[in-house]
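Listed in TrEMBL for this protein:
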type    : residues      : note
DOMAIN  : 6-67          : domain 'TGS'
DOMAIN  : 248-559       : domain 'Aminoacyl-transfer RNA synthetases class-II family profile'
BINDING : 343, 394, 524 : Zn(2+) binding site
Ligand SMILES: [Zn+2]
Ligand SMILES: [Zn+2]
């Protein structure tokens, strides 16, 4: 025997290569690296395929040991927990039959047929306790290949029609059973080494679900649950859910009088109330100013466009059937569509006159309101609506300008993030699938140039990026920003998209230095995405404590009694002169109550005036505390000028 017969070469993620005896498992490899790693390994990714950490590796391979911190490790943990849930259910509900039990984004579920036995939230605790009792037995998940006939016989004997239904669709020779403790399930795996890794379990919800999603089939009970390797992680998770509920923009939007919906106006069509409209206006003005500095020119286009416009853009053919249907004029029977996107209008603006290479880049910006049909079940607060306003712009440029324009847009997006407190962000570059080039329009040369321009621009701006091959649209590569909010949730915000399609369809041209006609490249970009969705995210990120410059009411003037109303009103007008907005609380309420209400309404500054303040011409200042500022509490008495200076300094931050 030679060394090749008994040893395998394993390449680890850091690029190092080590030799191990043939048949070593992921767990054994982990143990040789460190004891801590061995304790935490949930599964092994061997040559790109996730498998049990207890399975032998027989050939040279790249091996990544997956822990709770890897999405695939987590998914393996949760899917294995579904088996544990099933085991617990089987011991508590005799005769229970099982459908499928996959991991989902936050936890897992199992679809079960409880044989008519009652199950509700009141039963959750009992099941959780049983799961943990079984977990403490540290039962291994044991894999066993099994022939199809034997597998069917097993579930016939057990009386589980759903597993037999699943088995019908599987090929003999590819079927495996997994057993932990006294419970055996049909599954291709992978699973964690043993149940002892599961230290905390919580059932979250119970719902009905048709077998195989078909309403002709029996309705099963879908039990949602989540598990963790530490009790503290479950506590943190539940706290996060609580916090997310408190910050839900639909709830805060109502409490803070920002926006509303009316059935009479129509589903998914937000009504901006005065305070919400103020926030929105300030955001728009903030971006308008930044865009002027970055060389954008504002344009305005109508809310509808002729159907022909969207036939040209390709939109009608692709989305026409699933969009709001055309509006007909009474006499000429012309057809118009509610504008689903601003780009075709902007292409027509480009075409209003001949363009030369010296005119480019041309950057046209519009807060353009668009309308898209979303099914009513899909609508959600401000994040999924039927009418919304994009902070849209289209840059028409020469191919050699793509990189520069990307750098400038990245600067603008990062300026927006910084100004609004989103400091944790990353970017995804979506590239062409190199195996499938015919799927995309535009020449190879253009694609290669644009893709490397985006990658270089992102690198030069120091962005943390991931590259996704095959994720580009058929008409061009793009760069998407992801931000992480105060609760650690990820949101996609800000897209920069190259487009070779619309310039072709609209036959856009410019005259080059060579006096020949050339086609410009179009870049779509929207740092906020839409005003609606962005404000929803902002509300949830700040829990409604907007930065001072965005707060609808920046100050509340609180007279201690009606004797000081005149002084309060004079103060109000004096501050208005400095663009400081708010209100005077003239209610016949105790000062404590007025302060509490201002706090609840998230007013940043409370200006309290009474006898002493009136006599001295001063104000007593309170700053609302909050994560946004860190400061808070009583700032003491100061002159009006001193307050204005303090205010203006914070607004500038
Ligand atoms: Zn499984
Ligand atoms: Zn566009």
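Cβ from N, Cα, C; glycine included.
As the structure is a computational prediction, the values presented were derived from the model and not from experiment.
Over all protein chains present, the Cβ of residue 343 (Zn(2+) binding site) has 22 other Cβ atoms lying within 10 Å. For the binding-site residues 394, 524, the greatest number of Cβ atoms within 10 Å around a candidate Cβ is found at 394. On the 0 to 100 pLDDT scale, the domain 'Aminoacyl-transfer RNA synthetases class-II family profile' (248-559) averages 94 in this prediction. According to DSSP, the secondary structure content of the domain 'TGS' (6-67) in residues is 15 helix, 28 strand, 19 coil. Excluding the listed site residues 343, 394, 524, the same chain places 341, 342, 346, 347, 392, 393, 497, 499, 502, 522, 523, 525 with Cβ atoms within 8 Å of the centre of the Zn(2+) site Cβ atoms.
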